Structures are given as C-alpha cells and as structure tokens.
C-alpha cells in the first residue's frame, strides 16, 4: 500500500487514539514546541480570515508561538499578534461572511507590490446561515461570492500557502434559539459548494487552495463537549492548530517523528555507492550460480544408451568457495537493506504514532510469558548463568523491550524504570561474559577482539551507510563496544592477571581487585566530569562515531545512565568463579546452590530485594531524580533475579527454549526494530496493512523476526571470512578495513560540506 500524498491525508483524514491524540491517516504528526514553531515561522506573516470559529483557530495557533497569549480584545474586530524576537506576524481579520468585503481584502494582496502573507487561512459560512435564517437564496449568493473569490485564492496559492477551512458540524440540541437555523444539513450544503468551486479553474497543481477538511472529523467526535454547540472545545482547536503547523513546518524543520508532508530525503553519495555495491554483489552471485549450474549439468550422471548403465561424473562437486559465500551473503544483505530503505526512508509504506494504554503493554507481556513457560526444557549443564540460561535471559528481556517500544510505554514511568533495569542487565551480562572469558582462557589475542567487534558492529555500520544515520544513533552498540574495549584494556594491560596465574599465588587476586578499583575510580571521575568525558570523545575521528546532533552530550548521558553495572558484572564474575574454584557452591543437577539454610535465607533476601526495587520504581514521580539513583541501585534487582533463578536446583536445571531462541538474535532484534518494525527511527509504528492494526502487527513482526534471524546468520558467515584465524591474513584484512573506514570518513566529510 503506497503512502501517497501525506499532506492530503493530514488535511482530510484521521482518527482519535484515545480521547485527545489525533492520528492522521498514513503518517505521523509532530508535536511542536514553542521554540520549534518560532524557528519555522521566523520572518513569516500569517493571516486568518473569517468568523468566530477561525478566531478560535487563530488563538490556538498563536499559543503555539507564545503560550502566554490571552483570548481578549474585540471579538468582532481584527486582532493583531507579533513576536518581535522572531519577526513573526499573525493577524486575525474579522470577515464573518464570504462577501465583497472579503473579496476586496484578498484582491489587495494580488495586486501591485503589496507584501503577500506566507500563510492564509480562510473560512466562513455560519453567519450567512444565521443572518439569512438558513434561506436557499443565501446559499445561492454564497456560491456566487466564493466563485468570485476562488480565482484570487488560486492566484495567491502560487506563492503562498492558502487553506480553506470547511465548516464544522454543530450540536443542534445545544444551540441557542438565535442559532437554531444553523443545522448540519445546511452546513453540509455550504461545504459541498466550497469544495466543488475551489480549484475548479486551476490546472496547475502548485496553484491549489488546500481544503482543510480534517476539522470536520475532529468536530464530529468532540462537538458534544462544546460549551454552546457551535464552537469547538479547546483541545480540538489545539489539534487543528497543530495540524496546520505540521502541514507548513514539517518540510522545513524535518522532525524525525513528523512524517506528514515530508519529502523523501535525497540519496547521499555514500548511499548511492552502497546501492552500486549491493547491485554488483547480486549480479556477481547470479553469474557464479549460473556457471555452477552449467557445470553441474555437464557433469551430472547420464544413462548409457547402449548398456543402460549409469555413468558417475568424474569430477566431484566442489565445496562452496569463499567468494561465492561472500557474494551470497552480500546478495541477501542487499535485498534486506532494500527492504529497510523502503520501510523507513522511501515514502512507500505508512507510519503511525504510538499510543500507550496499559492493555497494549501488559497483555502481550502475559502472552509471551505463557509461551515461554510452555517451551520448558532441561539444560545441558547446571552451572550458574550457563549458556542456555543467559540466552533465555536475553530473549525474554528483548521481547519485553520490543513490546515496550511498540506500545509507547516510555510515557508510563514505572514501566520505564523497569525497562532501564533490563538494559542494565544486558550490560551486566557484557561485564560478566567477557570478564569470565578473559579470566578463564587468558586469550588476549587480536583475533578474539576482532571477532567480537565485528559481530557487534557489522549490522550497525551497514545501517549507518544505507539509512544515512550516525553511529551514535544506534546507541546500544557503541555502548557495549566501548565497554568491551574497557574490559579488554583493564585485563590485558600489564600485569595480565588470569585464573591460571592467580591459582599459583593468591596475591594475584588482590592485584586484580586493585585493577578493578582503578577502573571504578576512572568511571566515577568521568561520570561527574562531563568536560573531561567530552574531551576524550571529541577528538577526530572518535567524534564522528559518538556525536549526535553536533555534540557528544547524548553519548555521555547514555554512558552515565548505566555506568556502574558493567563493573558490577565483572565483580560478580570474579567472586562467582573464585567460589566455584574453591568448591564453595554446589552446581549439581537438582542441588541447591548453597546449604539449605543459607539457600533459604538468600532466596528470602533476594525476593524481598526484588520486590522492594519494584515498589520503589513504581513510586517514582520524577524521571530525572530516578535516573540519578538508577546506576547505583539497578544492580540490586539484577543480583536478586540471578539468585532467585539459580539457587533452587530445579529452576537452575531448566530453561525456556522459546526465549533462548530469541536470545541468540537479541542484538539483531534490537537494531532491526529501528526501521522495519517501528518507523521514523523508532518514533512511530510501521504500517504495512492499513486499517487492520492487529493484522498489521502480526505481519510486520513475522517479517521483522525472520529478517533479524537471517542477518544473524549473515553476520556469522561473514565473520568467518573477514576475521580469519591466521594472523598474517588477519593483518591484511585489518589494513583493508582501515582503508574502508578512511574512505567512509572522507565521503562523510564531503557530504557534510555539501549539506552546509
């Protein structure tokens, strides 16, 4: 389903999500702040012409620029407004009827060197119905007058934005006796006349008067809340003003969460090169595949016509070559990236705003938890945080985070605080997993580092190129990448202390603890010294990776939010492995982790701690204050969960294969959701099938999960080719990768220069 003209949809169709949130058909509406409205309308002149209903729209529009404006002054006269700081002029001109006076005023803007308004909003009819008691003669005269005004408006539309506001329906039962003649039947007749006459003579699509008919739909839902049955309630007027702001400003300010009226972004040089690369990969793979098929036909078994015996081919089928695997992977990746681009950069599919309700978040949560319990299997090993268990943990956390994102639950603070713990738990696993590997294996080789960095960053680098987004935009990957390097540096720097060395002399344990204390000191210093942090990451080319909107503040905020949890993961791994080495914990199948008494006490403390944190998080009133405490206290719920999950022997011996399956592709799911499940860079929801929200989510989710699984396989295949075990070959590959990124930085600098 094509997105079509989103401006047309914004002005003419939509529906309410809940009571106050308006959802235009097919696109997303941005909620403009005062500063954004001023930046868009700087040096602009806007004019509202009409009756009391247009005056209401005028005031709602002006309040988007200055919320302090009060609705006072002559109700049946002109009302000026000026914001001197931004040189914005907004005028309301009192013309309650479409007549000669209105025509004369509009005509004055079409003649000579008179400055034309940039935006003109016109609308009137109810006064004509009221004054002439709803007579047919008044309607005939209205048609004649609007016919004379239409060419003038179309002429103005060549250089200005002109909007004709259709008349809203009324609540006839609430109208006063002096307005009883204003019926919805009469209003429909006047609206029909205006729509038929306007633009009837215009052949130029640019010289079109835009019909603002969406106000009618809004009024149909809200007019019952009107004070007099004629004028809209304030919330509806504000919605109309916001629609008007989106129609004009979205193409200027280009907000991420405002897809209505935004043109498709032009392809950058890097995107064009990526397109050529993937096209060549597809062609190359098809050619190789065709050659192999021809060879297979020549060498396949054939029947000897004379003897009737089957001859075997003399040449055995060759193994898949590295080149073929490489082209095959890039071929699939190219098709997938095309889908990414079509979903979130081309105006092909529709996008909608999120709208949070408790049921939209909690019902899917209950559903997946039931599914997860249904797929319970025995683990291969019963160690604490074994592979199946960590995959399961990642899986259910990722599914909860996905539901959190698509339901827009970030607006509900208790849910937001619990999701922050899940993100922290991912980083805790990063600290635990990498520390355990380096401590036990003692492998600090370049191969290991390159493998991890490639698997973490491959998809994000490709998306940065294809979707024209900065690296920091996918904040979680830079976060885990930097923390991996910090863990590596902490343990690899002299003296390298590993388990094998520490077993020979207990003093090495104190040496490692000293290293961890130094790491904690550095983390503490950087978290409270924004200037020092920004200096570290503001050096080129690091700044290209960590800047967002021209500065590294967002990166500092993200890093600071979970600054201690990786350290906690490393410390937990150290303590656990030390206890395991000294056989102070029992990890047999069905055995509790400690003695029964100790296990029961720890289990009780863990459950109380877990619930205490949830109660605190649920009682949060201020996001800023809770975020300040989060880095220090999030580890409480994480450790409580680990102990609850691992102390009872039976619980430690089983896992959910359903959650574990998703856990294996959790990174790909987290990144892919940005563009092919959500939309407008996570601000909205992708709509493949309009009109059927539940069916749309099912279809888009199925495609999204399949794509994430496929990308995980592609990444694993390419990791074997790009990062070989042979050191000399690996060094050559690293030089090639360095050359690639140098070229990428050069092209990026050229793009930035051309944009400026």
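Cβ atoms here come from the backbone N, Cα and C positions, even for glycine.
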Annotated stretch (transmembrane segment, per TrEMBL) among the listed ranges 423-440, 531-548, 621-638: 423-440
Transmembrane segment according to TrEMBL, located in which of 334-354, 355-375: 355-375
The annotated transmembrane segment range in TrEMBL, which must be one of 316-332, 452-468: 452-468
Which range of 269-291, 292-314 is transmembrane segment, per TrEMBL: 269-291
Tertiary contacts of the transmembrane segment (269-291) (same chain, 6+ residues out, Cβ under 8 Å): 323-324, 327-328, 330-331, 333-335, 337-338, 465-466, 468, 744, 747-748, 750-751
Residues of the parent chain within Cβ reach of the transmembrane segment (355-375), under 8 Å, 6 or more residues beyond its termini: 17-18, 21, 23, 392, 395-396, 399-400, 403-404, 407-409, 411-412, 415, 656-659
Secondary structure content, the domain 'NXPE C-terminal' (22-92) (per DSSP, counts of residues): 22 helix, 19 strand, 30 coil
The domain 'NXPE C-terminal' (22-92) [mean pLDDT, rounded to integer]: 94
